[in-house]
Amino acid sequence: MQDQYILALDQGTTSSRAMLFDRNGNVVSVAQKEFRQIYPHPGWVEHDPLEIWATQAGVAAEAVTHAGLNGTSIAAIGITNQRETTIVWDRQTGHPIYNAIVWQDRRTADFCDQLKAQGLEDEVRAKTGLPVDSYFSATKIRWILDNVEGAREKAKQGKLAFGTVDSWLVWNFTKHELHITDVTNASRTMLFNIHTLQWDDALLDALDIPRSMLPEVRPSSEVYGPTKTTVFASKIPLAGIAGDQHAALFGQMCTRSGMVKNTYGTGCFLVMNTGTKPIESKNNLVTTIAWQIGDQINYALEGSIFIAGAVVQWLRDGLGIIRSASEVETLARGVEHCDGVYLVPAFAGLGAPHWNARARGTLFGVTRGTTSAHIARAALDSIAYQSMDVLKAMEADSGIHINELRVDGGACANNLLMQFQADILGVDAVRPQVSETTALGAAYLAGLATGYWKDIEELQNQWKLEHRFSPSLPADQAKACLDGWQRAIRAAKAWADAP
């Protein structure tokens with residue numbers, strides 16, 4: 001019998017990707033295609049759902065043919081996706097009734113303020129683990145029902161379907177047969193009770209969203225059904241679904257309570273596995289579902305930082321002090337440390353654990369002796385400081401002391417940043433050999449469901465270290481750095497609060 005592989009589909013915010021993995025978790029083949037970002041008004045962000053499907057189906061076929069294989073070589077398909085992005089389509093025609101409203105879209109911010117004024121925030125947080133925010137799917141669905149002609153009537157008649165991107169892909173891969181999602185994607189809608197594992201009727205009523213629109217919620221690792229499209233000649237089991245950050249946590253094999261990963265991308269996403277019980281955050285973190293395998297649910301705490309790698313793009317595009325992002329490490333190494341210069345990159349407000357929408361980027365401690373190297377160093381340091389703020393909040397909420405931080409994402413290739421991250425945390429930052437942890441997590445979930453891999457223990461043995469960064473900064477110096485950062489954060493907030 002020929003060797004078989006797992007196909008992971010990674011549907012992201014700017015591109016659709018497909019990756020083939022072998023039994024050792026190695027990448028065999030990759031295909032990627034970008035798609036359009038649509039900005040109808042300031043603060044609005046949309047995608048064309050048909051383009052999402054076309055690009056994802058296209059790269060799926062491409063990754064398989066690139067490797068000289070066909071559908072019979074694929075043991076299972078796992079899906080991971082940009083979370084919260086909202087699609088509503090007509091069940092009969094299969095056509096979207098409006099563009100996908102993307103997670104970044106802020107058009108429903110005023111409606112969220114109304115919900116808070118009605119006193120809904122405590123109920124939403126208690127049931128879903130989420131704050132009331134336009135980031136999540138619920139108010140996006142409501143906007144479509146209120147603003148697309150005939151949508152409300154069709155929804156009442158049961159003619160419309162809602163789904164996050166995973167649901168939309170499965171619906172199309174199964175020729176409109178399966179309307180499902182997994183618990184991780186459901187947990188990001190602001191409509192799913194993470195304790196009962198059911199759609200919450202009281203929240204649906206409060207938002208005036210018919211339950212008939214919603215997909216069936218399934219575990220993250222399960223054989224859902226076979227593909228039925230012409231993308232592949234043979235039927236392949238669809239067997240794993242998880243939102244991107246949940247998949248990355250699983251791909252990093254953070255399978256035990258207290259294990260944490262940080263994905264350093266445009267922003268940072270830190271997720272801590274908190275085991276089988278949800279922990280309510282007292283420090284402005286989000287309580288969410290890590291994954292469900294069989295009957296077992298794992299919960300997580302999550303904190304998101306808006307500006308991480310984006311601060312390096314700003315050094316390049318805004319200040320012009322580097323020509324490419326890869327130059328930042330060399331420039332920053334031109335100084336031993338930041339010499340009292342601190343950059344708080346609150347270009348879009350501050351995310352977790354501060355959640356201050358009015359804060360703006362601020363640069364402190366600048367003297368005549370300050371150079372572009374100091375600013376580059378302060379920019380990199382700011383990524384590590386913001387991550388530390390979230391990790392300290394996670395420790396406070398969970399009562400668990402973090403032993404190490406598993407790192408992934410584009411900016412984790414920056415050795416200077418990773419070393420400083422270890423220095424100020426006082427724990428090791430560990431970088432895996434396989435950096436494609438999100439796609440790998442989706443592959444692992446699908447492979448477990450089909451018996452391609454035996455159990456989680458087998459997968460834990462596949463996790464391989466590429467580099468371990470251990471703290472080397474003396475404790476008194478680390479404390480001085482942290483004190484300066486805390487002063488900078490306080491000053492940035494004071495600036496935001498000024499009349």
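Glycine is treated like the rest: Cβ placed from N, Cα and C.
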Q.
Going by the glycerol site in Swiss-Prot, where ARG83, GLU84, ASP244, GLN245 are listed, which of the candidates TYR5, TYR135, TYR299, TYR342 is also part of it?
A. TYR135
Q.
Need one residue: from THR13, THR14, THR330, the one Swiss-Prot lists with ARG83, GLU84, TYR135, ASP244 for sn-glycerol 3-phosphate.
A. THR13
**Q.** Cβ contacts of ARG83 (sn-glycerol 3-phosphate binding site) (under 8 Å, same chain, 6 or more positions away)
**A.** TRP103, THR164, THR184, ASN185, ARG188, GLY243, ASP244, GLN245
Q) When the number of other CB atoms within 10 A of each residue's CB is tallied over all shown chains, which of the binding-site residues GLY309, GLY410 has the maximum? A) GLY309
**Q.** Maximal Cα-Cα distance (Å) across residues annotated as binding sn-glycerol 3-phosphate, namely THR13, ARG83, GLU84, TYR135, ASP244
**A.** 15
Q.
So among TYR135, GLY410, ASN414, all listed as binding-site residues, which is physically nearest to SER15 (ATP binding site)? Use the C-alpha atoms.
A. GLY410
